[in-house]
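Engineer: As listed in TrEMBL for this protein:
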type	residues	note
BINDING	Ser27, Arg70, His71, Ser103, Ala104, Ser214	phosphate binding site
BINDING	Met213, Asp237, Tyr238, Asp239	substrate binding site
DOMAIN	20-272	domain 'Nucleoside phosphorylase'
SITE	Ser195	site 'Important for substrate specificity'
SITE	Val250	site 'Important for substrate specificity'
Amino acid sequence: MRKFFSSFSSTFLKMTKKIKIGVIGGSGLYNLDHMKFIEEIHPETPWGYPSSKVIIVEDPKGFRIAFLTRHGIGHKYNPSEVPSRANIAALKHIGVEIIIAFSAVGSLQEEIKCRDFVIPDQIIDRTKGIRPSTFFEGGAAAHVTFADPFNSLLADLIYSNRKCIEEPENDGQSRPRLTVHRNKTLVCMEGPAFSTRAESKLYRSWNCDVINMSVLPEAKLAKEVEIAYQMICMSTDYDCWKQDEEVVSVENVLTNLNQNVENAKKLLAEILPDLEQALNDGKFDNLKGVMKKSCITNSNIMNEETIKKLNYILPGYFE
Ligand SMILES: CSC[C@H]1O[C@H](OP(=O)(O)O)[C@H](O)[C@@H]1O
Ligand SMILES: Nc1ncnc2[nH]cnc12
């Protein structure tokens, strides 16, 4: 049996308890500053450094989260440049078992209004193959099952807590009600330019519901490390298919997002106890070990460097 010790900077959290819940913030959601800061780490993974430091925060009920911001502090990475392998590897290495990922999306359907939330269950890949999208390379081949790219239990838990943002607050102000939609199809484009009108109409003809530039390869990489992953989309625009609406721009995306960040934080706070309970009940344990079966390469023929890298994310699987 071959054993190799990692030379990559190992991540030692000061606290003894593992952080099992990870949150990835997208455009507009750059921190969880409203929660208590515990500590921060910036580990060098075999795939480089994550987009930002991983910030460990605690909510008032004592639930802890590992947070990182997808595009880095100050939004310095465009979607094609996000170091997704490092992001997912860093979260996995510190013990994360669940990721809730937030994203700003364009709506491709009339009934998904600006500021509505969408819990997608399917993805169509329109990226251009320029983003590294697997941990398995360099003498290790794996084929992960990706028929259902998101975790349906997470989707259920999020959806069942939707009332906290759907119902108007009883504060005397007439705030518009938003809707949380589920079982929708998300198309992921390469960008960074937004779509042409013809492309936008094409995606509608494919029955896509929302569009972003970020779910891939994030969702695939989470599958490869056995993390339950669900994206929560916040609709910010009608892309460019709708005649009577303003065409998407960074300006209108950010305007709608800024009005929605509080809702994102509220929903997150509401689902945390359910996530902890599901983890304690072993509801995600079915994911453990699946990558042993998805890797087709005999580990006897894997080179040392590849095994060393894979040990960072799936320790002991390939020896
Ligand atoms: C800022 S507009 C386009 C940008 O917004 C979305 O980012 P994220 O998914 O991280 O919220 C979209 O995917 C694009 O990257
Ligand atoms: N219309 C759009 N296309 C791609 N990504 C987006 N993010 C927010 N709106 C978007």
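Cβ atoms are placed via backbone N, Cα and C, with glycine included.
Unlike curated entries, TrEMBL annotations are predicted automatically.
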Engineer: Taking the Cα atoms as reference points, how far is Ser214 (phosphate binding site) from Val250 (site 'Important for substrate specificity') in Å?
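Structural biologist: Spelling it out, the Cα of Ser214 (phosphate binding site) and the Cα of Val250 (site 'Important for substrate specificity') are 15 Å apart.
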Engineer: Using the residues the record lists for substrate (Met213, Asp237, Tyr238, Asp239), what whole-number Å value is the largest Cα to Cα distance?
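Structural biologist: With Met213, Asp237, Tyr238, Asp239 as the binding residues for substrate, the largest Cα distance is 15 Å.
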Engineer: DSSP on Tyr238 (substrate binding site), three-state: which is it?
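Structural biologist: For Tyr238 (substrate binding site) - judged by DSSP and reduced to three states - the answer is coil.
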Engineer: Around the recorded phosphate site, report the further residues of that chain (criterion: Cβ within 8 Å of the mean position of the Cβ atoms of Ser27, Arg70, His71, Ser103, Ala104, Ser214; site residues excluded), sequence-ordered.
Structural biologist: Gly25, Gly26, Gly28, Leu29, Pro79, Phe102, Asn212, Met213
Engineer: Comparing the recorded positions Met213, Val250, which residue's C-beta has the most other C-beta atoms within 10 angstroms in this structure?
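Structural biologist: Result of the Cβ crowding comparison: Met213.
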Engineer: So among the binding-site residues Arg70, His71, who's got the most Cβ atoms within 10 Å?
Structural biologist: Arg70
Engineer: List, in sequence order, the same-chain residues at least six positions removed whose CB sits under 8 Å from that of Ser195 (site 'Important for substrate specificity')?
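Structural biologist: Correct list: Gly106, Met189, Tyr203, Ile211, Asp239, Cys240.
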Engineer: Of the binding-site residues listed here (His71, Ala104, Met213, Tyr238), which is spatially closest to Val250 (site 'Important for substrate specificity') when Cα positions are compared?
Structural biologist: Ala104
Engineer: Checking the contact step here: among the binding-site residues Met213, Asp237, Tyr238, which have a Cα within 10 Å of the Cα of Ala104 (phosphate binding site)?
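Structural biologist: Met213, Asp237, listed in sequence order.
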Engineer: Would you list, in sequence order, the binding-site residues among Met213, Asp237, Tyr238 whose CA lies within 10 Å of the CA of Ser103 (phosphate binding site)?
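Structural biologist: Near Ser103 (phosphate binding site) by Cα: Met213.
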Engineer: Compile a sequence-ordered list of residues in the same chain as Asp237 (substrate binding site), six or more apart from it, whose Cβ lies below 8 A from its Cβ; state 'none' when nothing qualifies.
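Structural biologist: In sequence order, Gly106, Ser107, Cys114, Glu245, Glu246, Val247, Val248, Ser249, Asn252, Val253, Asn256 meet the Cβ cut-off.
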Engineer: In the three-state scheme derived from DSSP, which category covers Ala104 (phosphate binding site)?
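Structural biologist: DSSP assigns Ala104 (phosphate binding site) to strand.
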Engineer: So which recorded positions out of Arg70, His71, Ser214, Tyr238, Val250 are up against ligand 2, CB under 6 A?
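Structural biologist: Cβ < 6 Å from ligand 2: none of the recorded positions.
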Engineer: Could you round the CA separation between Tyr238 (substrate binding site) and Ser27 (phosphate binding site) to a whole angstrom and send it over?
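Structural biologist: Tyr238 (substrate binding site) and Ser27 (phosphate binding site) have their Cα atoms 17 Å apart.
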